[in-house]
Structure formats: structure tokens, C-alpha cells
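Heads up, the thing below is written out as C-alpha cells.
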């Protein structure tokens, strides 16, 4: 039972970093399964629903902006990945993680650079993590519509930068990120 693991939201300026772990059955039927970044939002949503229907186990976990600021994004990502794997309802025999780094886990673990496009279980985790984080950003957009989170998902786009200058830094912004830290520093002057 191979668990694929990936994250979403490392580079965003606001919100959680989300990790997902997915164990697929050998006979899964998920056409177009690939790296979430290569799929439209609608296709990701459809595949995510199918992954939840077909997977042996799916788990999502995240670290908050406060945890990101305390640990740094690298360790917060590893922490979210570990939480996702540990909360799977079925123990994996091996864990495949997208990227170069892996958290300490009680299971054999391998990292695969570009694994979200190479390993189906990692692709599935990529989709689940992205859809989960996007939903969090859409919910945040409902609370703070002036920031445009539904469109840019918290990344440092021009619209996000403009909203920050106009409306200020929110409690869920990652204060350790240089652009946010600079705004906070300038606002103290």
C-alpha cells in the first residue's frame, strides 16, 4: 500500500500550507490523473471527488500561518505532510513524497522530484491538497472580498499586493514572508 504525499500553498502569502496523503487501489480508474498544476480548477474538483470515492485512504492536514512563521515554511510543510500520513486510516507500506525532502515517518519513505507528474498516488495527493487549500481560500474570500483570494489563492499577484497596500495585512498573512514583513515594518513608521 503506497501512500503518495504532496502539498499546496508553500509560496502563498496567506493561509495554511496544506498536505495530503492518498493510498490508491491497484485498480483505480482516474483518467487524466496528473500534477494538479496541469489541470483546470473544474477538472481538479471532479478528480478530487473521484479520488475520495476510489481511494483506500485519504488524509489532509495543514499548518497555520502562525506555525509557518514559527517553524519556517520548509518545516511547516514537513509537519503538515507528517500529520497527513499519520492520520491515514490505513498504514502504508511505503510513502512517496513529491520533492527533495521528507519528514521523519515510521514507514519506508522515498522522495521523488517531480513526483506529482510521475507517481499516481502523488498526483492524487497533489489534487486533494490543492482543492482543499483552494476551498480554504474561497472561504477566506467570502470574509475579505476586497483581497481577491478566490482568484489568486493568496499568492503574491499584483491584485493581492494592491489589496495589501489599500486594506492592510490580515491576521492570516504569513508575517515571516518578506513582502508581508516589509509592509508591517513600513506601517510601523
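Keep in mind that glycine also has a Cβ here, set from the backbone N, Cα and C atoms.
Sequence-distant neighbours of residue 7 (divalent metal cation binding site) (same chain, 6+ residues apart, CB-CB distance under 8 A): 17, 18, 19, 20, 77, 80, 81, 98, 129. Look at residue 7 (divalent metal cation binding site): DSSP puts it in a strand. The divalent metal cation binding site annotation in Swiss-Prot covers 6, 7, 98.
The domain 'RNase H type-2' feature in Swiss-Prot is assigned to 1-189. Across the domain 'RNase H type-2' (1-189), mean pLDDT in this model comes to 95.
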Which three-state DSSP class does residue 98 (divalent metal cation binding site) fall into?
strand
Binding-site residues compared (6, 98) - highest count of Cβ atoms within 10 Å:
6
